[in-house]
Ligand code: TYM
(Lines of atoms letter the chains of each structure in order from A and count residues from 1; the text may use other names and numbers.)
(Lines give C-alpha, C1' and ligand atoms only; values in the text may rest on other atoms or scores of the structure.)
Protein backbone atom coordinates (compact mmCIF):
# COMPACT_ATOMS: atom_id res chain seq x y z
CA UNK A 1 0.00 0.00 0.00
CA UNK A 2 1.39 3.39 -0.92
CA UNK A 3 1.24 5.98 1.81
CA UNK A 4 -1.00 8.96 1.21
CA UNK A 5 0.65 12.36 1.00
CA UNK A 6 0.09 14.61 3.98
CA UNK A 7 -2.16 17.69 3.95
CA UNK A 8 -2.28 20.39 6.60
CA UNK A 9 -4.54 23.42 7.02
CA UNK A 10 -6.30 25.42 9.69
CA UNK A 11 -8.54 28.36 10.53
CA UNK A 12 -8.63 30.84 13.35
CA UNK A 13 -11.56 30.68 15.77
CA UNK A 14 -11.86 34.43 15.48
CA UNK A 15 -15.66 34.70 15.11
CA UNK A 16 -18.82 32.87 16.15
CA UNK A 17 -19.23 31.67 12.61
CA UNK A 18 -17.08 31.07 9.56
CA UNK A 19 -17.84 33.24 6.53
CA UNK A 20 -18.47 32.16 2.98
CA UNK A 21 -14.87 32.97 1.95
CA UNK A 22 -13.58 30.41 4.45
CA UNK A 23 -16.15 27.95 3.16
CA UNK A 24 -15.45 28.37 -0.54
CA UNK A 25 -11.75 29.29 -0.38
CA UNK A 26 -10.79 26.54 2.06
CA UNK A 27 -13.41 24.15 3.46
CA UNK A 28 -14.79 22.92 0.12
CA UNK A 29 -11.28 22.00 -1.00
CA UNK A 30 -10.48 20.37 2.31
CA UNK A 31 -13.58 18.23 2.04
CA UNK A 32 -12.68 17.02 -1.43
CA UNK A 33 -9.01 16.47 -0.63
CA UNK A 34 -9.51 14.42 2.53
CA UNK A 35 -10.04 11.28 0.44
CA UNK A 36 -6.74 11.46 -1.36
CA UNK A 37 -4.58 12.88 1.43
CA UNK A 38 -3.72 12.04 5.00
CA UNK A 39 -5.29 15.27 6.20
CA UNK A 40 -4.72 17.29 9.39
CA UNK A 41 -7.07 20.19 10.12
CA UNK A 42 -6.58 22.40 13.15
CA UNK A 43 -8.52 25.12 14.87
CA UNK A 44 -5.68 27.53 15.52
CA UNK A 45 -6.64 28.99 18.89
CA UNK A 46 -3.08 30.10 19.74
CA UNK A 47 -3.14 32.26 16.62
CA UNK A 48 -6.48 33.75 17.66
CA UNK A 49 -4.83 35.08 20.84
CA UNK A 50 -3.15 37.73 18.70
CA UNK A 51 -6.50 39.55 18.72
CA UNK A 52 -8.26 40.72 21.87
CA UNK A 53 -10.51 37.94 23.16
CA UNK A 54 -12.88 37.25 25.97
CA UNK A 55 -11.62 33.90 27.40
CA UNK A 56 -15.05 32.23 27.62
CA UNK A 57 -15.89 33.42 24.11
CA UNK A 58 -12.65 32.09 22.69
CA UNK A 59 -13.43 28.64 24.07
CA UNK A 60 -16.90 28.81 22.51
CA UNK A 61 -15.58 30.03 19.15
CA UNK A 62 -13.07 27.18 19.14
CA UNK A 63 -15.84 24.61 19.54
CA UNK A 64 -17.98 26.39 16.99
CA UNK A 65 -15.19 26.37 14.42
CA UNK A 66 -14.58 22.65 14.94
CA UNK A 67 -18.32 21.95 14.65
CA UNK A 68 -18.46 23.83 11.35
CA UNK A 69 -15.57 21.81 9.94
CA UNK A 70 -17.48 18.62 10.71
CA UNK A 71 -20.81 20.01 9.52
CA UNK A 72 -19.21 21.00 6.22
CA UNK A 73 -18.06 17.43 5.66
CA UNK A 74 -14.69 16.99 7.36
CA UNK A 75 -14.91 13.55 8.90
CA UNK A 76 -13.06 13.35 12.20
CA UNK A 77 -12.75 9.59 11.90
CA UNK A 78 -10.81 9.93 8.64
CA UNK A 79 -9.10 13.31 8.97
CA UNK A 80 -7.25 14.44 12.07
CA UNK A 81 -9.32 17.41 13.25
CA UNK A 82 -7.94 18.94 16.43
CA UNK A 83 -7.32 22.11 18.43
CA UNK A 84 -3.85 23.60 18.05
CA UNK A 85 -3.26 24.32 21.75
CA UNK A 86 -3.96 20.67 22.59
CA UNK A 87 -0.65 19.78 20.98
CA UNK A 88 2.18 21.46 22.86
CA UNK A 89 4.73 20.91 20.13
CA UNK A 90 3.31 23.84 18.11
CA UNK A 91 4.42 26.50 20.57
CA UNK A 92 7.73 24.74 21.16
CA UNK A 93 8.68 24.46 17.49
CA UNK A 94 7.57 28.05 16.91
CA UNK A 95 10.20 29.17 19.41
CA UNK A 96 12.96 27.26 17.65
CA UNK A 97 11.88 28.54 14.23
CA UNK A 98 11.79 32.10 15.54
CA UNK A 99 15.53 31.83 16.17
CA UNK A 100 16.19 31.30 12.46
CA UNK A 101 13.65 33.90 11.22
CA UNK A 102 14.99 37.30 10.25
CA UNK A 103 13.45 40.37 11.85
CA UNK A 104 13.18 42.02 8.45
CA UNK A 105 11.81 38.86 6.91
CA UNK A 106 8.95 38.72 9.43
CA UNK A 107 8.38 42.47 9.03
CA UNK A 108 7.73 42.04 5.30
CA UNK A 109 4.64 39.88 5.82
CA UNK A 110 1.79 41.91 4.34
CA UNK A 111 -0.82 40.62 6.81
CA UNK A 112 1.37 41.82 9.67
CA UNK A 113 1.87 45.17 7.98
CA UNK A 114 -1.89 45.58 7.38
CA UNK A 115 -2.92 44.51 10.86
CA UNK A 116 -0.25 46.48 12.71
CA UNK A 117 -1.25 49.56 10.76
CA UNK A 118 -4.88 48.99 11.67
CA UNK A 119 -4.20 48.40 15.40
CA UNK A 120 -1.48 51.06 15.81
CA UNK A 121 2.00 50.55 17.28
CA UNK A 122 0.89 50.30 20.91
CA UNK A 123 -1.70 47.61 20.27
CA UNK A 124 0.56 45.59 17.96
CA UNK A 125 1.99 42.66 19.91
CA UNK A 126 5.13 40.62 19.40
CA UNK A 127 2.73 37.68 18.98
CA UNK A 128 1.18 39.32 15.93
CA UNK A 129 4.69 39.78 14.54
CA UNK A 130 5.64 36.13 15.03
CA UNK A 131 2.23 34.81 13.94
CA UNK A 132 3.61 33.44 10.62
CA UNK A 133 6.38 31.59 12.48
CA UNK A 134 3.77 29.73 14.53
CA UNK A 135 1.98 28.95 11.28
CA UNK A 136 5.22 27.55 9.87
CA UNK A 137 5.53 25.37 12.98
CA UNK A 138 1.98 24.06 12.44
CA UNK A 139 2.78 22.98 8.92
CA UNK A 140 6.32 21.67 9.40
CA UNK A 141 5.55 19.52 12.46
CA UNK A 142 3.47 17.23 10.26
CA UNK A 143 5.96 16.77 7.40
CA UNK A 144 3.29 18.27 5.17
CA UNK A 145 3.23 17.90 1.39
CA UNK A 146 0.37 20.31 0.61
CA UNK A 147 -1.30 23.28 2.29
CA UNK A 148 -4.68 24.24 0.75
CA UNK A 149 -5.43 27.90 1.53
CA UNK A 150 -6.93 31.06 0.09
CA UNK A 151 -4.45 33.43 -1.54
CA UNK A 152 -4.10 35.70 1.53
CA UNK A 153 -2.06 32.89 3.15
CA UNK A 154 0.30 32.35 0.24
CA UNK A 155 3.06 34.56 1.60
CA UNK A 156 2.96 32.71 4.93
CA UNK A 157 3.38 29.37 3.17
CA UNK A 158 6.31 30.84 1.22
CA UNK A 159 7.92 31.85 4.53
CA UNK A 160 7.29 28.33 5.82
CA UNK A 161 9.15 26.92 2.82
CA UNK A 162 12.06 29.31 3.35
CA UNK A 163 12.32 28.36 7.04
CA UNK A 164 12.21 24.65 6.24
CA UNK A 165 14.97 25.01 3.64
CA UNK A 166 17.07 27.15 5.96
CA UNK A 167 16.73 24.75 8.87
CA UNK A 168 17.53 21.75 6.64
CA UNK A 169 20.62 23.50 5.25
CA UNK A 170 21.85 24.43 8.70
CA UNK A 171 21.06 21.30 10.68
CA UNK A 172 20.54 18.53 8.13
CA UNK A 173 17.44 17.25 6.34
CA UNK A 174 14.63 17.50 8.91
CA UNK A 175 11.51 19.05 7.38
CA UNK A 176 9.60 18.32 4.21
CA UNK A 177 9.25 21.54 2.19
CA UNK A 178 5.47 22.02 1.67
CA UNK A 179 3.61 23.32 -1.37
CA UNK A 180 0.70 25.76 -1.19
CA UNK A 181 -2.45 24.67 -3.05
CA UNK A 182 -4.49 27.67 -4.13
CA UNK A 183 -7.58 27.32 -6.31
CA UNK A 184 -7.28 30.32 -8.59
CA UNK A 185 -11.02 30.89 -9.21
CA UNK A 186 -12.07 30.91 -5.57
CA UNK A 187 -8.91 32.03 -3.77
CA UNK A 188 -10.46 35.38 -2.90
CA UNK A 189 -14.12 36.02 -2.15
CA UNK A 190 -14.91 39.71 -1.68
CA UNK A 191 -17.11 41.60 0.74
CA UNK A 192 -20.66 41.98 -0.65
CA UNK A 193 -20.81 45.66 0.29
CA UNK A 194 -17.25 46.48 -0.69
CA UNK A 195 -16.23 44.15 -3.53
CA UNK A 196 -12.69 45.50 -3.66
CA UNK A 197 -11.98 44.18 -0.12
CA UNK A 198 -11.53 40.53 0.82
CA UNK A 199 -14.42 39.16 2.86
CA UNK A 200 -13.11 38.68 6.37
CA UNK A 201 -14.21 37.35 9.76
CA UNK A 202 -12.75 40.49 11.30
CA UNK A 203 -14.41 43.01 8.94
CA UNK A 204 -15.52 46.18 10.70
CA UNK A 205 -19.00 46.06 9.21
CA UNK A 206 -20.85 42.77 8.86
CA UNK A 207 -23.28 44.02 6.23
CA UNK A 208 -21.29 42.41 3.41
CA UNK A 209 -20.21 39.22 5.20
CA UNK A 210 -22.17 35.98 4.71
CA UNK A 211 -21.91 33.87 7.86
CA UNK A 212 -22.38 30.13 7.65
CA UNK A 213 -24.39 30.10 10.89
CA UNK A 214 -26.57 33.16 10.27
CA UNK A 215 -30.35 32.93 10.05
CA UNK A 216 -31.52 32.20 6.54
CA UNK A 217 -33.41 35.51 6.23
CA UNK A 218 -30.36 37.52 7.22
CA UNK A 219 -28.25 35.76 4.59
CA UNK A 220 -31.00 36.24 1.99
CA UNK A 221 -31.25 39.96 2.73
CA UNK A 222 -27.51 40.47 2.49
CA UNK A 223 -27.46 38.84 -0.93
CA UNK A 224 -30.40 40.89 -2.19
CA UNK A 225 -28.60 44.06 -1.00
CA UNK A 226 -25.20 43.16 -2.42
CA UNK A 227 -23.49 46.01 -4.24
CA UNK A 228 -23.55 45.64 -8.04
CA UNK A 229 -23.45 48.37 -10.72
CA UNK A 230 -25.78 50.25 -13.01
CA UNK A 231 -25.67 48.40 -16.29
CA UNK A 232 -27.86 45.45 -15.32
CA UNK A 233 -25.87 42.85 -17.27
CA UNK A 234 -24.92 39.61 -15.51
CA UNK A 235 -21.37 39.25 -16.83
CA UNK A 236 -17.99 38.46 -15.33
CA UNK A 237 -15.53 41.36 -15.45
CA UNK A 238 -13.40 41.49 -12.32
CA UNK A 239 -12.09 45.01 -12.99
CA UNK A 240 -15.17 46.68 -14.44
CA UNK A 241 -17.89 44.81 -12.51
CA UNK A 242 -16.34 43.62 -9.25
CA UNK A 243 -19.64 43.18 -7.36
CA UNK A 244 -21.37 41.06 -10.03
CA UNK A 245 -18.16 39.10 -10.69
CA UNK A 246 -17.89 38.19 -7.01
CA UNK A 247 -21.51 36.98 -6.95
CA UNK A 248 -20.85 34.91 -10.08
CA UNK A 249 -17.78 33.37 -8.44
CA UNK A 250 -19.84 32.36 -5.41
CA UNK A 251 -22.63 31.00 -7.62
CA UNK A 252 -20.20 28.92 -9.68
CA UNK A 253 -18.28 27.61 -6.65
CA UNK A 254 -21.40 26.39 -4.89
CA UNK A 255 -23.07 24.82 -7.92
CA UNK A 256 -19.99 23.45 -9.68
CA UNK A 257 -21.16 25.25 -12.82
CA UNK A 258 -19.04 27.28 -15.23
CA UNK A 259 -19.49 31.05 -15.12
CA UNK A 260 -20.49 31.39 -18.84
CA UNK A 261 -23.39 28.99 -18.33
CA UNK A 262 -24.66 31.11 -15.43
CA UNK A 263 -24.26 34.28 -17.51
CA UNK A 264 -26.34 32.63 -20.26
CA UNK A 265 -29.05 31.61 -17.84
CA UNK A 266 -29.49 35.17 -16.60
CA UNK A 267 -28.94 36.97 -19.91
CA UNK A 268 -31.48 39.79 -20.24
CA UNK A 269 -33.02 39.11 -16.82
CA UNK A 270 -31.36 41.74 -14.63
CA UNK A 271 -29.81 41.66 -11.19
CA UNK A 272 -32.98 41.04 -9.19
CA UNK A 273 -33.51 37.60 -10.74
CA UNK A 274 -29.83 36.77 -10.55
CA UNK A 275 -29.66 37.64 -6.86
CA UNK A 276 -32.75 35.58 -6.14
CA UNK A 277 -31.11 32.65 -7.90
CA UNK A 278 -27.95 33.10 -5.88
CA UNK A 279 -29.94 33.49 -2.69
CA UNK A 280 -31.57 30.10 -3.28
CA UNK A 281 -28.21 28.49 -4.02
CA UNK A 282 -26.53 29.88 -0.89
CA UNK A 283 -29.44 29.16 1.42
CA UNK A 284 -29.72 25.58 0.15
CA UNK A 285 -25.97 25.10 0.71
CA UNK A 286 -25.82 26.69 4.15
CA UNK A 287 -28.99 25.27 5.69
CA UNK A 288 -27.88 21.68 6.25
CA UNK A 289 -24.40 22.80 7.35
CA UNK A 290 -25.88 25.20 9.87
CA UNK A 291 -28.37 22.63 11.19
CA UNK A 292 -25.66 20.00 11.61
CA UNK A 293 -23.25 22.44 13.30
CA UNK A 294 -25.92 23.51 15.81
CA UNK A 295 -26.74 19.88 16.50
CA UNK A 296 -23.07 19.12 17.20
CA UNK A 297 -22.86 22.14 19.49
CA UNK A 298 -25.78 20.78 21.48
CA UNK A 299 -23.50 18.04 22.72
CA UNK A 300 -20.21 19.76 23.60
CA UNK A 301 -18.98 16.80 25.66
CA UNK A 302 -19.07 14.54 22.60
CA UNK A 303 -17.39 17.20 20.47
CA UNK A 304 -14.66 17.63 23.09
CA UNK A 305 -14.18 13.87 23.18
CA UNK A 306 -13.67 13.68 19.41
CA UNK A 307 -11.23 16.59 19.54
CA UNK A 308 -9.27 14.92 22.34
CA UNK A 309 -8.92 11.64 20.45
CA UNK A 310 -7.68 13.51 17.40
CA UNK A 311 -5.30 15.69 19.42
CA UNK A 312 -3.63 12.51 20.59
CA UNK A 313 -3.17 11.34 17.01
CA UNK A 314 -1.77 14.74 16.04
CA UNK A 315 0.57 14.88 19.03
CA UNK A 316 2.08 11.51 18.14
CA UNK A 317 3.16 12.85 14.74
CA UNK A 318 4.17 16.30 15.99
CA UNK A 319 6.23 15.01 18.93
CA UNK A 320 8.30 12.82 16.66
CA UNK A 321 9.29 15.80 14.49
CA UNK A 322 9.92 18.00 17.52
CA UNK A 323 12.14 15.39 19.10
CA UNK A 324 14.29 15.24 15.95
CA UNK A 325 14.48 19.04 15.93
CA UNK A 326 15.62 19.15 19.57
CA UNK A 327 18.38 16.69 18.77
CA UNK A 328 19.45 18.51 15.62
CA UNK A 329 19.78 21.91 17.27
CA UNK A 330 21.74 20.49 20.20
CA UNK A 331 19.38 20.69 23.16
CA UNK A 332 20.54 18.36 25.93
CA UNK A 333 17.81 15.79 26.50
CA UNK A 334 16.54 15.17 29.97
CA UNK A 335 17.99 11.88 31.27
P1 TYM B 1 -8.09 32.35 8.42
O2 TYM B 1 -8.69 31.85 9.67
O3 TYM B 1 -8.02 33.82 8.20
O4 TYM B 1 -8.83 31.77 7.16
C5 TYM B 1 -9.04 30.38 6.99
C6 TYM B 1 -8.95 30.00 5.51
O7 TYM B 1 -9.93 30.69 4.74
C8 TYM B 1 -9.31 31.36 3.66
N9 TYM B 1 -10.04 32.62 3.43
C10 TYM B 1 -10.54 32.99 2.24
N11 TYM B 1 -10.54 32.40 1.04
C12 TYM B 1 -11.15 33.04 0.03
N13 TYM B 1 -11.76 34.25 0.18
C14 TYM B 1 -11.78 34.88 1.37
N15 TYM B 1 -12.40 36.05 1.50
C16 TYM B 1 -11.14 34.25 2.47
N17 TYM B 1 -10.99 34.59 3.78
C18 TYM B 1 -10.31 33.58 4.35
C19 TYM B 1 -7.90 31.63 4.14
O20 TYM B 1 -7.02 31.84 3.06
C21 TYM B 1 -7.60 30.36 4.89
O22 TYM B 1 -7.20 29.33 4.02
N23 TYM B 1 -3.19 31.97 9.21
C24 TYM B 1 -4.35 31.23 8.81
C25 TYM B 1 -4.65 30.04 9.70
C26 TYM B 1 -3.52 29.07 9.86
C27 TYM B 1 -3.12 28.10 8.89
C28 TYM B 1 -2.07 27.37 9.53
C29 TYM B 1 -3.53 27.78 7.61
C30 TYM B 1 -2.74 28.90 10.95
N31 TYM B 1 -1.86 27.88 10.76
C32 TYM B 1 -1.43 26.34 8.85
C33 TYM B 1 -2.88 26.75 6.93
C34 TYM B 1 -1.83 26.04 7.55
C35 TYM B 1 -5.56 32.15 8.89
O36 TYM B 1 -5.56 33.14 9.56
O37 TYM B 1 -6.63 31.72 8.22
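Each residue, glycine too, has its Cβ placed from N, Cα and C.
Copied from TrEMBL, the annotated features are:
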| type | residues | note |
| --- | --- | --- |
| BINDING | 12, 13, 14, 21, 22, 150, 151, 152, 189, 198, 199, 200, 201, 202 | ATP binding site |
| BINDING | 138 | L-tryptophan binding site |
| MOTIF | 198-202 | motif ''KMSKS' region' |
Pairwise CA distance, residue 201 (ATP binding site) versus residue 138 (L-tryptophan binding site), rounded so that it is a whole Å: 21
Segment confidence, the motif ''KMSKS' region' (198-202), expressed as mean pLDDT: 91
Annotated binding-site residues 138, 151, 189, filtered by Cβ under 6 Å to ligand 1: 138, 189
All-chain count of other Cβ atoms within 10 Å of residue 12 (ATP binding site): 23
Rounded distance in angstrom between the Cα atoms of residue 189 (ATP binding site) and the residue listed as 'L-tryptophan binding site': 25
For the motif ''KMSKS' region' (198-202), residues assigned helix / strand / coil by DSSP: 0 helix, 1 strand, 4 coil
Least buried by Cβ count (within 10 Å) of the binding-site residues 138, 151: 151
